[in-house]
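Among the features that Swiss-Prot reports, Zn(2+) binding site is placed at 552, 555, 568, 572. According to Swiss-Prot, the region 'Interaction with Rab8' annotation covers 58-209, on the basis of similarity to another entry. Residues annotated as motif 'LIR' in Swiss-Prot: 176-181. The motif 'UBAN' annotation in Swiss-Prot covers 468-473.
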């Protein structure tokens, strides 16, 4: 083992020169001056051999780590699948528990209602609702005692009938006939007593004897009927016994199956106390299962992160391996032993041990996760047991409700019928009002649809008008531009005309002066020409003034036409 601490490792993998990498810390560095070249070569060879061995060991370790990593990844995937399966089962169990709890509550409410109705029916049977409960309880107890007495008498009669059947089958000795005679005599006496107690006028002895004979005949027929009925009851009892025996056999087979399953799940039976505690906790708070599942999901994520860290560490180890190989090649080229090789060897050993410790820690964590998954499985078994128990309770409650419903179906309450009739009337009224509302809504919807159609038509017309307006506007703008161009051309032509006229007048004056040569006449002609030129200018000014001036009232811009002025005014105002 190296005594080098964790803080001594550098980023490049080199060790410091202050402490030795391998051996005790008090050991000093060997001096190279004390060794001969032959010894140095031997040490170099030994170091090369050790480096080669370390390379092979690193390769084996890397392969083993890769295999373990693959196994861990496969195991994590299996764990994820199992956890997803357990989560789905737990969700289904929760949903079933909630549904069963709701059904149990409903059944309890129905039982309470049925109990109240039975009490009301008892009160209706008594006739007076003001009768106290003590009297009703006394009557119920009397009825119970009568029922018990009748059941005891029935059992005695069944025993007597069975004895009679056995005696008839065996041949019928004298004692049996004596018993039969005694029974017949007792029953005849009872019949005679009934005849005597029956009301009616007293007649002669012959009439009494005839009545007694008829009574005995009737009694014998009644006895035969009772015997046949008892035989039928016995047959039904035997059939019930056979059915019960079959059910017992099936129950025993199920018990054997459950015992086999219990033997198979011996490991889960050792944790029965924990299961009971968990059942109590689940009964107290069913939401703990979801929290535990979330905790397990978090643990899975942490394990996945740790696996990623292990993968990064493996990549770092491979990089370290490459660096060590490069260093070994450099050492082989130099053929000179240095203390850095010893330090690198110590670092490699330290890194290998560190990776082994990490692998051991990962194994321990995996074992912990396996234990947790086993605990979750046990929790699921407990949930299934609770689910089965709740199902049994639910079935029992359904049976009780069916029995109570059968009893109530025989005695239907008029109050309930009246309430139901009232509810039906209210429902019919509500339906009628809702149908009226629906009709009104349909009418409003039809109106709105018509309005929408008209709106669509109006929008189309608006679009057509807008397109026409834009086209007219563009045409007016073009006309305005053409008019402006024509006005400019006219102004240019007027200027050219003025210049041409001035030149012509000058030329004519010069010609006149050259022809006549007289100054006086020239002066008169000049005055005449000046007057003529002034008249021409006044005419041009009048023509220009006659052109109408269209100016904007807002910005004062002069425009040639009314259309262009209107377009400009609309744009300027907007």
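Numbering starts at 1 and runs along the chain as displayed.
Placement of Cβ uses the backbone N, Cα and C atoms for every residue, glycine included.
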Looking at the binding-site residues 552, 555, 572, which one has the fewest other Cβ atoms within 10 Å of its own Cβ? 555
Do any residues of this chain, six or more beyond the ends of the motif 'UBAN' (468-473), have a C-beta under 8 angstroms from a C-beta of it, and if so which? 567
So how many other Cβ atoms are close to residue 568 (Zn(2+) binding site), meaning within 10 Å of its Cβ? 19
Taking DSSP states H, G and I as helix and E and B as strand, how many residues of the motif 'UBAN' (468-473) are helix, strand and coil? 6 helix, 0 strand, 0 coil
Can you check what DSSP calls residue 552 (Zn(2+) binding site), collapsed to helix, strand or coil? coil
Which whole number is the mean pLDDT over the motif 'LIR' (176-181)? 39
